[in-house]
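Asker: Feature list, courtesy of Swiss-Prot:
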- D239, I240, H241, H270, S271, D292, I293, G294, T368, T369, A370, E371, Y375, R378: 4-CDP-2-C-methyl-D-erythritol 2-phosphate binding site (BINDING)
- D239, H241, H278: divalent metal cation binding site (BINDING)
- 1-233: region '2-C-methyl-D-erythritol 4-phosphate cytidylyltransferase' (REGION)
- 233-397: region '2-C-methyl-D-erythritol 2,4-cyclodiphosphate synthase' (REGION)
- R20: site 'Transition state stabilizer' (SITE)
- K27: site 'Transition state stabilizer' (SITE)
- R161: site 'Positions MEP for the nucleophilic attack' (SITE)
- K213: site 'Positions MEP for the nucleophilic attack' (SITE)
- H270: site 'Transition state stabilizer' (SITE)
- T369: site 'Transition state stabilizer' (SITE)
Amino acid sequence: MCAKKYKIAALIVAAGVGSRCNSTIPKQYIKLAGKSVLFHTIKRFLANQYIDYIRIAINRDHESFYEKAISLITDTKLLSPVYGGENRQSSVKLGLESLQKINPDFVVIHDACRPFVSDVLIDNLVESMINDQYTGVVPAIEVEDTMSLVSNSFIESTISRGKLRAIQTPQIFNFKELLSCHQSVKEFTDDSSLMVEHKKHVAIIKGEKSNFKLTTKEDINMAKLLFEEPKFRVGAGYDIHKFIKVQNGAESFIKICGVKIEHNMAIEAHSDGDVAIHAIVDAILGALGCGDIGEHFPPSSSEWKDCNSSHFLDFAAKKAKEKGYSVSNLDITIVCEEPKISPYKVEMKKFISKALEIDDEFVNIKATTAEKLGYIGRNEGIAVHASVLLHTNFYWK
């Protein structure tokens, strides 16, 4: 098979107003990673080995949007646009008629709002069309959800999915055959159904789930998610607290990473003195550019007297979520002569990972001594270093 024996044009339909998307601008011009949906779609076809010409059917009122969308495209495969009509069928018809001078052997029809079409899918369509000499070939995916007939918000009956397929674009056809069919009717929402209506044989090949159409706001948000590169932020935190004698009648323990550890000394602090959580909170706030723990919970305020430090950790985690970030991983180094930390590491990891809503494998806790050097070496206190990596959240807004 040699596809280059054939002239192949792509007609991208971009004349719709996108009323279902509830957007202030037509959805084909919404930005994904700084470029319009239409730009991304055009680039897919410009890169394909079989496509010789590309024509875009646009809305007459969207000309300024279109010019901005293609301003960075210099490839001569992209022809001047044609104005579309009142509906999809009339836009396709006008687009086909504009290609008559070129007179391609085959035409590939594609929705502008399917920017995830792959090069492989375009290749498969063209090669199937040429190898098997079909009138048309379209991609289709199996219907996996239960299908029902509905009336007045109630299910009337359930439809068997066995023979059901969801038809996608791009769709490839014999150019003259498709043009003839369009010139004989007024309105069809899909080119393959138009051809079938005219008793033409249209074959299907396996489509791609990733080649979904951007129809609703939810689709747009999903597309933004897929196009957007994840963003990362790094933060470092440090805290140190002094050991003091246990007051008469008080429990003999300290708290580290939310875990009570028996010790013959107490920690001098305004809150509960969880030095590790304080370092973690500072690391998260630092990564977010939100100052430090003292700015949000000043030790001069009686409100935070003896406060459970888990409150501070919850605050930092919530602040990260508000800014669109989650903790990717956390590394903690506890420096003290006593108490021994190793017996409590598993419990500490569980506490911190639960508070941050991450798997405990992403929390690492190390402990070391100061080798009898300095104030920590003299067992006068405890210090903690914390490093955190944040990543952008992957969820639909």
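Sequential numbering from 1, following the chain as shown.
Cβ from N, Cα, C; glycine included.
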Asker: Could you tally the C-beta atoms, other than its own, that fall within 10 angstroms of the C-beta of T369 (site 'Transition state stabilizer')?
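Answerer: So the Cβ neighbour count for T369 (site 'Transition state stabilizer') comes to 15.
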Asker: Compare the Cα of Y375 (4-CDP-2-C-methyl-D-erythritol 2-phosphate binding site) against each of the recorded positions K27, H270, H278, T369 and report the nearest.
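Answerer: It is T369, whose Cα lies nearest.
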Asker: Tell me, how many other CB atoms lie within 10 A of the CB of R161 (site 'Positions MEP for the nucleophilic attack'), whichever protein chain they belong to?
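Answerer: Here the count is 13.
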Asker: Grab the pLDDT values for the region '2-C-methyl-D-erythritol 2,4-cyclodiphosphate synthase' (233-397) and give me their mean, rounded.
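Answerer: Over the region '2-C-methyl-D-erythritol 2,4-cyclodiphosphate synthase' (233-397), the predicted model scores a mean pLDDT of 92.
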Asker: Neighbour count, 10 Å Cβ-Cβ cut-off, for Y375 (4-CDP-2-C-methyl-D-erythritol 2-phosphate binding site): what number do you get?
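Answerer: The answer is 13.
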Asker: For the recorded divalent metal cation site formed by D239, H241, H278, which further same-chain residues have Cβ atoms within 8 Å of the site's Cβ center?
Answerer: I240, A269, G273, D274, V275, A276, I277, A279, A383, V384
Asker: I'd like to confirm something. Which of the recorded sites, K27, R161, K213, T369, has a Cα closest to the Cα of I293 (4-CDP-2-C-methyl-D-erythritol 2-phosphate binding site)?
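Answerer: For I293 (4-CDP-2-C-methyl-D-erythritol 2-phosphate binding site), the closest Cα among K27, R161, K213, T369 is found at T369.
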Asker: Check the Cα-Cα distances from K27 (site 'Transition state stabilizer') to the binding-site residues D239, H241, S271, H278, T368 and tell me which is shortest.
Answerer: H278
Asker: Any idea what DSSP makes of K213 (site 'Positions MEP for the nucleophilic attack'), helix, strand or coil?
Answerer: coil
Asker: Which one of these recorded positions, K213, H241, has the sparsest Cβ neighbourhood, judged by other Cβ atoms within 10 angstroms?
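Answerer: Counting other Cβ atoms within 10 Å of each of the recorded positions K213, H241, the minimum falls on K213.
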Asker: Taking the Cβ of H278 (divalent metal cation binding site) as reference, which residues of that chain separated by at least 6 in sequence fall under 8 Å from it?
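Answerer: Listed in sequence order: G237, D239, S271, I293, S309, F312, V384.
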